[in-house]
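Colleague: Starting off with a structure, shown below.
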Amino acid sequence: MRNSGTPVNIIVGSHVWIEDSDVAWIDGLVEKINGQDVEVQATNGKKITAKLSKIYPKDMEAPAGGVDDMTKLSYLHEPGVLQNLKIRYELNEIYTYTGNILIAINPFQRLPHIYDAHMMQQYKGAPFGELSPHVFAVADVAYRAMINEGKSNSILVSGESGAGKTETTKMLMRYLAYLGGRAVTEGRTVEQQVLESNPVLEAFGNAKTVRNNNSSRFGKFVEIQFDKQGRISGAAVRTYLLERSRVCQISDPERNYHCFYLLCAAPQEELEKYKLGHPKTFHYLNQSKCFELVGISDAHDYIATRRAMDIVGMSEKEQEAIFRVVAAILHLGNVEFTKGKEVDSSVPKDDKSKFHLNTVAELLMCDVKALEDALCKRVMVTPEEVIKRSLDPQSALISRDGLAKTIYSRLFDWLVEKINVSIGQDATSRSLIGVLDIYGFESFKTNSFEQFCINFTNEKLQQHFNQHVFKMEQEEYTKEAIDWSYIEFVDNQDVLDLIEKKPGGIVALLDEACMFPKSTHETFANKLYQTFKTHKRFIKPKLSRTDFAVAHYAGEVQYQSDLFLDKNKDYVIPEHQDLLGASKCPFVVGLFPPLPEETSKSSKFSSIGSRFKLQLQQLMETLNSTEPHYIRCVKPNNLLKPAVFENVNIMQQLRCGGVLEAIRISCAGYPTRKPFFEFINRFGLLYPRALEGNYEEKAAAQKILDNIGLKGYQVGKTKVFLRAGQMAELDARRTMVLSAAAKKIQRRIRTHQAQRRFILLRKATISLQALCRGRLSSKIFDNLRRQAAAVKIQKNARRLHSRKSYKNLHVAALVVQTGLRAMAAHKQFRFRKQTKAATTIQAQFRCHRATLYFKKLKKGVILSQTRWRGKLARRELRQLKMASRETGALKEAKDMLEKKVEELTYRAQLEKRSRVDLEEEKNQEIKKLQSSLEEMRKKVDETNGLLVKEREAAKKAIEEAPPVVTETQVLVEDTQKIEALTEEVEGLKANLEQEKQRADDATRKFDEAQESSEDRKKKLEDTEKKAQQLQESVTRLEEKCNNLESENKVLRQQAVSIAPNKFLSGRSRSILQRGSESGHLSVDARPSLDLHSHSINRRDLSEVDDKPQKSLNEKQQENQELLIRCIVQHLGFQGKRPVTACIIYKCLLQWRSFEVERTSVFDRIIQTIGQAIETQDNNNILAYWLSNASTLLLLLQRTLKASGAAGMAPQRRRSSSATLFGRMTQSFRGTPQGVNLAMINGGVDTLRQVEAKYPALLFKQQLTAYVEKIYGMIRDNLKKEISPLLGLCIQAPRTSRASLVKGASRSVGNTAAQQALIAHWQGIVKSLTNFLNNLKSNHVPPFLVRKVFTQIFSFINVQLFNSLLLRRECCSFSNGEYVKAGLAELEHWCYNATDEYAGSSWDELKHIRQAIGFLVIHQKPKKTLDEISHELCPVLSIQQLYRISTMYWDDKYGTHSVSPDVIANMRVLMTEDSNNAVSNSFLLDDDSSIPFSVDDLSKSMERIEIGDVEPPPLIRENSGFSFLLPCSD
């Protein structure tokens, strides 16, 4: 493979892969090339020098999320494959195709969302490769091939232990059971029964090896059988190639089969019964020092195995016999021999050996002496006599081991046969799908006979695999019309010849050596050396004399031949057959049935190798008779932990699994296959003329290749096929073209930058010069201006100095004059001031005495008033606080509502009275305060008057006094009194201020209390309103409960004698069986309804029809016949009202059919509707009857009410509304009672409600079912019509590359291309428009139209969104733009349809709209998880966002998806969510339920006037229908 992938054109700057001992391959950049030596700068920082032939080119344009099919890789080589698997594994994409081979990497974590029922539904019938790789896709291909071609198929699951083979097998069988559709066999499906057999087969067929603690030591081929209809009819488990030698010989640190250790860990009574002990006491187990497995309890597994045996169908007696045989094998291994008395004879070695020999005979229920003779002697039959020959101890040991291996092999075969009988096989089945689960290639430090046989098996399977891969390659080349005659087939037949060729193969030489008693492993090895010394696949190690190596397809394996002869010997000894055939245990006898006569007469040599070869031949014959499919399971790490990818380990598994061999086969032909579109997009720049011309894609690709001069390529019908290395050459040339273009662009940019720099520099120079000249002129101007200013300053300064001298002289003269005049005035002023002061003192003293007396009196009055008001305010505050505490809570109990209302009313009255009292007290207090205020004002006025009089008297006294006032001697006593009075006045002022403050506080509290009282008053009024509403609700509920109870009792009594409509279809009945959560009907609530739904027959119906009814006479029967004949016709509509519904309703109301106990008119109407809608594809008829049925249902809903039962006391039960008729009639009382039945010609709302009997209620129920049925049929028809278009709308059709190139005809071409792009979307819009027009023309209620289109848009959302998440090619930028354009068409349709008919349909597309919005948004790496999940895509879950983010690829601009940090955060959130019980599926479910109830329909439809509806001509002239004629005004 390396040589075929060797690069032929690596240049400096190329990105390449180079080998690394730690991570297998590491990428780097070529820095230097010296001949065949290349110097590479690796990404880990190291510089590595390697040979040119040892490096591989790296595809830098590979998608960031990898490719789902590795044949799409530009470079199909080891590092490319490994890197692609690693990228996908990091994104939790565990499945990858290589052609039609599926590679499955064990995630070591639960991923339930990719295995649920939604995922199985998506892959059912999907073409292979259309959706993401999955094990379901392989199973679906196998199933479809079996059904279509009638040929059996097989699925080969391989991989080393721990790679997930068993889990993959489970998923395969689960999906096949899903497709096959077989229900249950004895309570368990076939798949379950097969899986339940696993613990038994693992206990007896699995063992610990060096690499795995639970390695299968046999191959398992599960056949799932199908009948002619494709349903599972049976299954069988075939086992192959059991490693029999392990029973007797094991190497350290391996273990023998699990069953031996399980039995040794059984309960004590079991151990005593079988005389067992610790495993180390038995020879067959103590050859290895490993007896227990870490973290595994053999005792627990023993119980689990016994339980599995019970499930499989093994009786207690059979289980006891099985473990008795297992114990016998352990004891048999402890029987040792020594030389006997005779020559070359042998006998049991000691008492211990005799004990074990006796125990074996006891357990097998055979004779001890016969057992000893069978082990130590041989019988030779000659024509003359029968000769008994003794065996030496070594031969006796070989005989013992042969017996042990034979017993164990027969026991294992019996177990498999028993399991097959339990599962049940179909002997008549001609088609089957087989699932092969077999051990993979093994290579250990010590490889013995077991590894030789296993690797021989894998060589055979690899040859089969190679042939299949080559066949697929041939089919691909033939399909594309490629010449492949010269391509060599990679085969491993030479290895198979080396092993199995007869004579002369290794197996034949081994059998030959085993036939000679004196042969040893040394002689056998020498024989091999001599025979195969020139064979290129056989290698003789230099440091060993007995080892040999074989160059297998997966690598060289060195075998140790020490135990080859012992492990290969498998004599068919008649003595053993006779011994166990004569056992007293029926189970043992069943293991050894009598042999054919010719076989029993001879002791023919048999070996395990030859048996192995025969079984392998049978397996290959089975596989060759089927069409194979391959699944290669890979274990990503030996730690068994998620998110750990060990490159070296996986690379070895890919080699061992043949994946790299398949790639080598592909590389022998044309490993690189590019569709024309991708090839032209990538390499069109190598020859632009091919793009400029209006060429087809194939012609353009051919011109590009011809211009390049590439050798060895071929152009197919849809792809370009390139030989190994040619892709690298094309990329190298492309890199050179891109480099030249980059250099040209850089040159242009540098020229442009230099030119810009020169222009900027020139502009700066000119600006600097202009600035300098301006500064110089400015300085000259400044000097001139300063000189003029200096002259002007000097002139002003001289003038100012002269003026200042004059002013100083003038001021000095004025100052002298002023001083003289002031002295004279000052003397006069001082004399007058002294005279006035004496007069003022005398006046103030007299005023002070009067004021003191007034203040003392005022203080006492104010103090007494203030304290009294404070006392009243505090008393009022206490009363308000007490009143506020008395407000209580309303009780919720229904029986206490009346008391609460009375109590609240009483409290309201008290509150009103208290408020009135408060207002009265407040008014009285205000009056008192006002009167006190008036008194105080009067007193103040009187005091003021006295003061005024005293002042006037004082003034007069002063004026009358003599002009010269003499100073009066003031006594000391008067001065002290004045001071005391002053202090008292100040104290009174302070007390007055305090009392004022208290009064203000009391006033403020009073205002607050008044506001609080107002709030409580408002709350009380609200409470009174609520109490009144609750009282009304209680009254209504009591009335409903009473009516429902009485109605239910009447209906139960009448239900026994009334038969329902026999014409109600099965679908209608199923529609009735819905839960009560949505308000729909449910027939599972009453057993009586089941009686009505299933017990009707024609005889009963005829009896009901023939029996004369009390409420109808013969004339009415004739009228009913005429009505039925009339409504069969298409009566059309009048004023948007369906005539049929209006006529039926009027007739039923006039005939009082709703109120009679028995009538057949309802059944006949329902029968007519059922017959009319039998043609489910005619949407016009369905819309017509949907309009009529919904209108009639509305009329019944607003007219009928359930009748009560006389003499029955109503009982209140909450559960009454949960019954069928409880829910059905709960809405009968929604309209107020009307006026009169005579007002039939008016609107529906003017009619009184009619008490309906059971037939009317049943009729309404059946009519409801038909409305829902017709609605579902219309919706499903529209879904069927648009489903094929949706599959085409999710991915943009590819356009010719020529249309993307500039040219004169580009606009015309683009217009046509745009029309072609949206053709599928326009088809959907056309279907929606036709359906809308059909519904509108039949006047279907807009409410139902909205519901239809809401569910249709939800269906579109689910289908497009699920397809987007399952197909990576759809998650591209350009495809997002395409779907966005299509969604715009749907939005435009919603706008044209208006909200009346489209409703919220556009909102139902929220998932696909947000997903598309994510695809087309720019700068995704800059978006944070919070922005994405809360702003851009708030509706999408983390699983859905993770799926889109990892599958996104930009085919237009080459941008990347969101940042790795966002991806890591999404993983953390998904891990946390995986612990919840909520499904982790990223797919959406389609809701096909009925999204409305009768109440919803009734509330949405407007009032219907039926009085002026003209009857049809058929009944217009009939006098019996005169009531249908409109009344004249």
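All residue numbers here begin at 1 and follow the chain in the order shown.
Cβ atoms are placed via backbone N, Cα and C, with glycine included.
Fair warning: this is a prediction, and the values are worked out from it, not measured in the lab.
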Colleague: Among the residue ranges 916-935, 1096-1115, I'd like the one that Swiss-Prot describes as region 'Disordered'.
Modeller: 1096-1115
Colleague: Looking at the ranges 54-77, 534-557, 702-725, which is given as region 'Actin-binding' in Swiss-Prot?
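Modeller: Going through 54-77, 534-557, 702-725 one by one, Swiss-Prot flags 534-557 as region 'Actin-binding'.
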Colleague: To see if you understand the setup: which same-chain residues, six or more apart in sequence, place their Cβ under 8 Å from that of GLY159 (ATP binding site)?
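Modeller: Listed in sequence order, they are ALA104, LYS165, GLY440, ARG632, CYS633, VAL634, LYS635, GLN653, GLY657.
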Colleague: In the domain 'IQ 5' (834-863), how many residues does DSSP call helix, how many strand, and how many coil?
Modeller: 30 helix, 0 strand, 0 coil
Colleague: Across the domain 'IQ 4' (809-838), what does the pLDDT come to on average, as a whole number?
Modeller: 89
Colleague: For GLY159 (ATP binding site), which of the three DSSP-derived states applies: helix, strand, or coil?
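Modeller: DSSP call for GLY159 (ATP binding site): coil, neither helix nor strand.
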Colleague: How would DSSP class GLY219 (ATP binding site) in three states?
Modeller: strand
Colleague: Looking only at the domain 'IQ 3' (786-815), what are its DSSP counts of helix, strand and coil residues?
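Modeller: Grouping H, G, I as helix and E, B as strand yields 30 helix, 0 strand, 0 coil.
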Colleague: Through the lens of DSSP with three states only, how would you label ASN213 (ATP binding site)?
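Modeller: Assignment for ASN213 (ATP binding site) reads coil.
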Colleague: Relative to the Cβ of SER216 (ATP binding site), which residues of the same chain, six or more apart in sequence, are found under 8 Å away?
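Modeller: Sequence-distant Cβ neighbours: SER161, GLU202, GLY205, ASN206, ASP437, ILE438, TYR439.
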Colleague: Within the chain of GLY162 (ATP binding site), which residues six or more apart in sequence place their C-beta under 8 angstroms from its C-beta?
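Modeller: GLY162 (ATP binding site) has long-range Cβ partners ASN106, ARG211, ASN212, LYS635, LEU640.
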Colleague: Give the helix, strand or coil assignment DSSP yields for LYS165 (ATP binding site).
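Modeller: Where LYS165 (ATP binding site) sits, the three-state DSSP reduction gives helix.
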Colleague: Counting Cβ atoms within 10 Å across all protein chains shown, which of the binding-site residues ASN213, GLY219 comes out on top?
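Modeller: It comes out as GLY219.
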